[in-house]
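Engineer: Okay, these came from Swiss-Prot:
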- 620, 621, 622, 623, 624, 625, 626, 627: ATP binding site (BINDING)
């Protein structure tokens, strides 16, 4: 939009001069009691904020588009713009309009971006707001991130292929990077995680001289920067950007934590999402996540630190055990736990108060909050020292009580100060002799005004006469029109204003008193502001001391929270090992249990160990609880690594370097990727990065493609993990063929979810049992989902037809030479009938089918042997029961329980008949088709007896 600057009014010209320096921002331009926006900014903001778009005369032929928001409520509008990815520049009046000569001087005092928000109303109390910078040099990257509201600063260097995982862990709200080409690789995670990527990089951000403005040379020399200067460069980008937006150097950024990402368990973006660590998959809400269950923190500082614990599981055994020991001390001491909770709930957000002090935006009320928090420190320290918590005592042994800071605020600031620092009523009179004297004058002035009011009432004869005040012409005498005619007014009364029902006057005496009073009140406000700034600056110089105390409080709060959760939910202290054995007894899913209650949750064991079983194949119908079981195993392992007690009867957890999850299905339509492609990409990531020390959760791999492709891929993936990676793996599948892997590899074991058939329906028992499932129960599940009866009945008919006629489902092979000849003969006959043009494709298809049939026989033969063994045992039981028929009756309840696990049921009256028929079967001399038909008939008879 081309604008002729020469035609603009002076004010509008000033606006555009400021706007041109902040072209990528929406400029909030202060005009009196409003922030106004003009031209393109007005068009954008009015739409985003849903406010009226008007116009203003600007010197051009057309009025300038304009919209505005009230100064006193601007924060809510700024918040909405920032949340929608806009940057907001605050153009403030730098002088008093009443004393300004000409146009009021205006300047941008700060730029608000997603990563530089300071206002508490725009921030989540228990979540950090990180600004992250990246400096890329080749494939190496320096990464630094800071929460400017607390001053927390962390830095590391890593390879570019690790950056996405690190960003997923940190979850910044804004990223700034020197390599604009690399931005494209960040688009996906930025979209998924709602991260603002700042593309307005300036080479000035690389000026490392900024480091000396924040840190002494001695401190910088002690820091372990990388040899290539990656961290120095990324830190310089960050600090220069902060200075450019906030227009000042801040003292709360005074300590850098340089860390190595290998110190923590690696969790990729998919795993964090699938396990719902800090927010749910649906709705992105904290409620329903692991963090929601664990968070009983009393302070905002503790809440933020707990989130960091969950996001960054430790892999150092001694550090994990130290946390566990502290939590155990608190959990086992009910009185200590309750006392600490009572103290902590009265402590304010000290970290963010420090941030506001550093940016000169702290209010008097917030300093009172700081004082009240410091007041709790002696009690906190004494409570811990009087307990038996030996390790916890170490945390507070050298904790600064900040007595000097407390005394300063207590002596100076009123308990109930005004909200704004320039309106007075902030400082106690006894803190300053000058202030005390001025307040006496002000107080007496009010008395003098009252005296004048009483005297003028007598003089004029108007009893309702009153003296008021406004900012336009100060003190005035008001007489209502009803009393005007009887009023005896002399020449000292000077009319100033006529209202509909009253007249207002001033007198020389009133003006003389006014000057004394107003001078005193203005001086009081000015002096109070000066004193407040001095107090703020004194505290500012001690921010590092206060921040250390805040960090100690946050740690104690997290320990108390985890101890409280462990006590309430009956969690146990896990053992931590380095021998790669995972052994969970009666484990529970913490989130699901929190919803349904411990008494309604069915616990399950998980055992994974080298030499015995490193891969568990889990079969069972949909909705039976496979995914919940696998997720709970991963979550219990992760909880142990953050130093938390876990929901189990006992748990022995190995140090894991990574947890991978491939759970659920979703299309990535924005990238043109199908469910199956997304699945394969995630599996590829796992196979490339998993190690022997990893835990892998795979759910229904291969379901996004054809049956044969799916089985082949799933089989091959399990083989690859077993032979090449050898990591602990839970592999859920509906391909029952994969249970044959147990025979191929001794470290692969079959498990399934127990199901009880109940007439036409099924009951999910939610219990993991050591055997593969023999049915998928798909139609049963469809019935539970309330599909139309017509659909269900038709599905049953089709299923029976498929089971009867399809080679793959109907033929069982012994695997010996004779039966292989039968299959080969059948295949030859089939091939003769095939059209010559389709010969090759048909042959390959039948060849694959033949191989699957051979494999399937082993599964069927194994199940038959088990079945036959159970039949024989059952026959013996029937004989025994007949002998003791007069002594006892069959316990029908026990019989039903047996049905749930074996899925075999016989009426006690007819058991001997059916058993005799089973014993007379000569299964090994039957053809495969005869064998399967005989088994089918026996199953049918058993069902008839049951019904």
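Yeah, the Cβs are placed from backbone N, Cα and C, and that goes for glycine too.
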Engineer: For residue 623 (ATP binding site), which DSSP three-state class applies?
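Structural biologist: Looking at the DSSP assignment, residue 623 (ATP binding site) belongs to neither helix nor strand, so coil.
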Engineer: Have a look around residue 622 (ATP binding site) and count the other CB atoms within 10 A of its CB, chains all included.
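Structural biologist: Taking all protein chains shown, residue 622 (ATP binding site) has 18 Cβ neighbours within 10 Å.
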Engineer: Out of 624, 627, which of the binding-site residues has the smallest number of neighbouring Cβ atoms within 10 Å?
Structural biologist: 627
Engineer: Setting 620, 621, 622, 623, 624, 625, 626, 627 aside, what same-chain residues sit with their Cβ within 8 Å of the center of the Cβ atoms that define the ATP site, listed in sequence order?
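Structural biologist: Along the chain, the qualifying residues are 732, 753, 764.
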Engineer: List, in sequence order, the same-chain residues at least six positions removed whose CB sits under 8 Å from that of residue 625 (ATP binding site)?
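Structural biologist: Residues satisfying the criterion: 602, 753, 764, 766.
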